Every structure is written in structure tokens, then in C-alpha cells.
Amino acid sequence: QGIFVLGLPYALLHSGYSGLLLIVLAAALCCYTGKILIACLYEENEVGQLIRVRDTYEDIANACCKKLSPSLGGIVVNVTQVVELIMTCILYLVVSGNLLSHSFPYVPVTEKVWSVIAFVTLLPCLFIRTLKIVSKLSQLCSLVHFVIIFVVITYCLTQMHQWSWAKFRFSLEFEDFLVSVGVIIFSYTSQIFLPTLEGNMKNPEEFRCMLNWTHFFACILKTTFALTAFLTWGEKTKEVITDNLPSFLETLVNLCLLTKALLSYPLPFFAATEIVYSCISKDNHSNYRSPLLALTVRGSFLSLTLLMAMFTPHFALLMGLSGSVTGAAMTFLLPSLFHLKLKWKKLSFLEKCADISVFILGFLCSLAGIACSIKGLLEVFG
């Protein structure tokens, strides 16, 4: 349940009834690719029992590319993961600066300075050493998120008297529809974290059930939120739905969003530094046997996110471009490709068709997103 959720009502504005179908379809597809990705971690032993023989996304990639190069697949996956995770961290800093600027408009401070202030609150991330701490912060983040959703939906329900299904569109503009597809799909993505999450579960055999229920409830919540907000504001729906709220509620929600952004930062930050540290140390990086090296890696990443948040022009467009490549690759392209490669002989005809269809769909989404992002960058740079 990321910040992308706040753009779902705007996505419905440009996708109409098809947007509601897309929210359900995206949940099903992301749930499916999560399952096949985790399936690639396991192999059957002599008696037919499933044994976890791989631990990370990198291990899966290396297994698929071992005939070509023992480490090529892992390098590609690691670079893709780190780029996406770092861009996500930078986005949280940029968003934090923007929210602080809008929450305190009378304070004579620029958005970049507000981003630096937000960055200072994130310095304790230097000392995060385990996923358990990150999970507690993510739990708080989820609670804040539910507060935001509750406030918006409650206000929308008070405006039920002006709801009208006539606000939904049947005609679509192709480019606007592609933007909606991107917002909806990438509000579900979590594949980068799944191998680590499944490996840290007390009962890994419950993973598939957990994935089904989380995507089901996410789909229900997203559909309810997007529908009630769009029916309330219709054609006046803004890109971030909180901008439609009355001023007294907007400030409250913006502060909640700020809290959510800051609490969301540690998860992608921890994941990115773990990947880099494991590549450098080649030891049991979860124990951090070299505290100085671990601190250096985390400090470098913290500094990098701040510098890029401060000095990268048109970051939103660059985020869209990189997200179209890395997001689609990690969510659709690679899971389906790896599953076909590692499990081809054991897959039924329908399973093979499903994987191939997901791959083609992911490729088309990526291509369309890249085209839209490049067009936007060309327009900005004249």
C-alpha cells in the first residue's frame, strides 16, 4: 500500500470503467508473479520434497544464466534492484520536502531545504542492522496509511449525495490510459522484497496463502478508495487526491503522508544496502562482521539519496523512466522468464501460456512507459 495509492482516483479519471478492471487484474498478476518467483527458490529432491536451494533473486538469476556466465544474471538483477530501490528512496525524500513545503507555506524555506530537514530525521537508518527493526517501522507505516485512507473515505462518504455514475468515462485517450496503467500496476509491486520476506517467515509454507490474502485485501481497499474518491470529485479529481480535500483536512493528511514517507524509507534503503554489502563482503552479511564497512555502505547510500534529491532536475520524469524499465522487469519480465527457464519440464501447457502472456504484457507495459517518459523529458528539455 504505497504512495501510488493516492493517485488511483486520478487513474480512474483517465481510464473509466476499465480502471476498475485493471485494479483487480493487476492484483491477480502481481500475486501470480510473486508465487512463481518464490517457486524458483525451490527444487524437488529424490523423494519429491521441495527443498529451498536458493535464497535471493540473485541466486535465481545466476541459476538461469549459469551456462552463459556464472554471475552475469546476478549482476544484472542486483543492478536493477539497487537502481529501483535507490530511486524509491530518493522519491520519498523529494515527496517529504514537497509535503513539508505545502504543510508550512508561511515558513520562508525552499523545498530542497525541507528535504534536508527530512533527511536529518533519517540518519538513524545508519544503525539499522536487522529486518526485524524494518518490519516494525513498516507496521507503523501501514497504520499511518490506514489513517489516511480512513480520513479520505470518511470525507467522501459525507458527500454521497453528489455521487453520480455518469462521471465515469467510456471513451479513452491512449496516452492518458497508459499513465493510468502505470499508476495501478506499480501500486502493487513488491517482488524485490519477497525472497527475503519468505525466507524470514516462521512458517514459509504459509507464504502462498499470505500472498493471496494480502493482494485480495489490497485490491478491495484500492477499489473502494479509488471509487469513492472519484465519485466525490469526478472531473475535478487531482493527481494526488489529498489536494482535493478541504484545507483543514489537507494539512492533517499531508502530515500523515510525511510520516508515511519517512517510515517507508528504511525498507528500500535496507534492501539496497544489504545487496551491495553482500556483493562486497561475500560473507554472512546479516551478521555484519565488518561494522565499519557496513556503516560506510549505509552512509554512502544515505548521502547519495540526498544529493540526487537535491540536484536531479525533473526527478519525477526520470523516476517514471527508470520505473518503466526496472519495475516492469522485476515484477513481470524476470519472474516469468526465470520460471519458464527453471521449471519448463514440469510446467503444464496452461502454466507455460500464463508465463508467456505475463512476459508479453510486462514487455508492452515497459515499452509504453518508456515511450511516455521519454516524450515527457523531450518536452521539458525543449
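Heads up, the Cβ atoms here are built off N, Cα and C, so glycines get one too.
Annotated domain 'Amino acid transporter transmembrane' per TrEMBL: 1-374, in sequence order.
According to TrEMBL, the feature transmembrane segment maps to 20-42 (among others).
TrEMBL lists 75-93 (among others) with the feature transmembrane segment.
Positions annotated as transmembrane segment by TrEMBL: 113-131 (among others).
According to TrEMBL, the feature transmembrane segment maps to 143-165 (among others). Through the fold, the transmembrane segment (143-165) approaches residues 1, 5-6, 221, 224-225, 228-229, 231-232, 234, 241-242, 245-246, 249, 252-253, 256-257, 259-260, 263 of its own chain, all at least 6 residues removed from its boundaries and within a Cβ separation under 8 Å.
Annotation source TrEMBL lists transmembrane segment at 177-197 (among others).
Residues or ranges marked as transmembrane segment by TrEMBL: 209-232 (among others).
Marked as transmembrane segment by TrEMBL: 252-280 (among others). Remote same-chain partners of the transmembrane segment (252-280), defined as residues 6 or more beyond its termini with a Cβ less than 8 Å from a stretch Cβ, comprise 2-3, 6, 58, 78, 81-82, 85-86, 88-89, 92-93, 95-96, 99-100, 102-103, 118, 121-122, 125, 128, 131, 133-134, 137-138, 140-141, 144-145, 147-148, 151-152, 192-193, 196, 242, 245, 288, 293-294, 297-298, 301-302, 305.
Among the features that TrEMBL reports, transmembrane segment is placed at 292-311 (among others).
The feature transmembrane segment is assigned by TrEMBL to 317-338 (among others).
The transmembrane segment annotation in TrEMBL covers 358-378 (among others).
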Which of 20-42, 113-131, 177-197, 209-232, 358-378 contacts the transmembrane segment (292-311) most, counting Cβ pairs under 8 Å: 113-131
Considering the transmembrane segment (113-131), which listed stretch of 75-93, 209-232, 358-378 counts the most C-beta pairs under 8 Å: 75-93
Contact yes or no, the transmembrane segment (209-232) and the transmembrane segment (20-42), 3+ Cβ pairs under 8 Å, gap 6+: yes
Other parts of the chain folded back onto the transmembrane segment (177-197), taken as Cβ under 8 Å at six or more residues beyond its ends: 1-2, 4-5, 7-8, 10-12, 14-15, 18-19, 22-23, 26-27, 29-30, 33-34, 37-38, 41, 54-57, 60, 81, 84-85, 131, 215, 218, 222, 267, 271, 274, 320, 323-324, 327, 330-331, 335, 365, 368-369, 372
